[in-house]
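Some notes on the structure that comes next.
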Amino acid sequence: MYLGRHFLAMTSKALFDTKILKVNPLSIIFSPDAHIDGSLPTITDPETEAALVEAARIIRDTDETVAFPTETVYGLGGSALNDNSVLSIYRAKNRPSDNPLITHVSSIDQLNRKVFNQPHLSGTSLFDNIPSIYRPLISSLWPGPLTILLPVPSSEHSALSKLTTADQPTFAVRIPANPVARALIALSDTPIAAPSANASTRPSPTLASHVYHDLKDKIPIILDGGACKVGVESTVVDGLCNPPTLLRPGGFTYEEIVKLGGEAWSLCKVENKKTVEKGEKVRTPGMKYRHYSPSAKVVLLVPHCEGDGILKGVDRMERLKRLIETELKANSNIKKIAILTSLKLRDSDLQSKIFNEPDFSSKTFIIERLGQSGEEIQTNLFAALRKVDENDKVDLIFVEGINEEGEGLAVMNRLRKAAANNCIQF
């Protein structure tokens, strides 16, 4: 049972002197089967070990939260077994409570012991609580940015907080690959509910500084393990329905899911809803409410299909010039404009055909390159949005989109949500 969207009015005024604790991911070493049998890591750096022990104590013994790096984005974690900890997550983020949370575990063994309340018995399989349809995927992709949906255990057999599921019959779970995240979960021996560690609706954080910007004074500790390598949230799949469904594109591509999932995933469909209807329940995070949005307006330049004739014969620079003119006419207060480029827009063309345009002489333009491959663009996306919004303080952001294949499916999913209705064929 969730508490309803508006319970956040109960937010307490308690503030923290938020500490950033440096940790070294390279000093954390797991055995090859630790994600299965739950073996604890070896930590060679004393400073890293001390920070993790302190953070693990907060997760295990208090109702508070800790921000920590994962391979996808920074997460804001609290005990998935403690209603008050889950409430602390919702309060710190100002997140509606009908938006479910992903539970992170360090191993299959921990999933069984702590979520299903089933200690491993001799002669039984550690995988008994995981439907067989998922096993090809998790054998290849765990630890990693893959989240699966499992049936919620009966209440008498599980301590999993109902607040993590938003009153759904399923819960979302994954084993992260980042060694800091894995070590935190393992040392606390506590499944951790963790959405992205940003203020609700903001772009997800891929650096500890992003977390500090949004959640300073709202949480006690941020573990700084450097930049996140993937750059967008995990891929969420539902193998409990027929056909199986990719609910949220993320760190693993649709193509990888189909290739590695075996025959059962060959007909995997993609959830096409941009958002759900008011009052409709969601099975996974990211499907409801405004997401990934800077303060500045975002205009997404959606690449048109080759040969469809939508913009045939129209020069991209001329098209972009007209779009800028339209925005300036609608809002005379626009002074600084950012253009986030990817595969086709070139700095030299922007300089000669846009920035030197006499009509724009009073405006400041900033170019931020996202990358030349889907992987680079995915990794850099949220950091680039935050840079131009928070550091450069622009008034308007244009983003050059990419085709929705490979990493492009996750990239465009995030950008469409950031831009809302401001998506222009380009």
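Including glycine, each Cβ sits where the backbone N, Cα and C put it.
Record check, Swiss-Prot: L-threonine site residues include T72, R174, A194, S234, and the candidate from H35, H104, H120, H213 also listed there is H104. Ranked by CA distance from H104 (L-threonine binding site), the binding-site residues R95, T170, S196, Y292 have S196 at the top as the closest. Within 8 A of the CB centroid of the L-threonine site residues T72, H104, R174, A194, S234, the other residues of that chain are T70, G75, I102, P145, T147, P176, A181, E233. A distance of 13 Å separates the Cα atom of T72 (L-threonine binding site) from that of R248 (ATP binding site). Using a 10 Å Cβ-Cβ cutoff, S196 (ATP binding site) registers 31 neighbours. For the ATP site, whose annotated binding residues are R95, N99, T170, S196, S204, R248, Y292, the maximal Cα to Cα separation is 25 Å.
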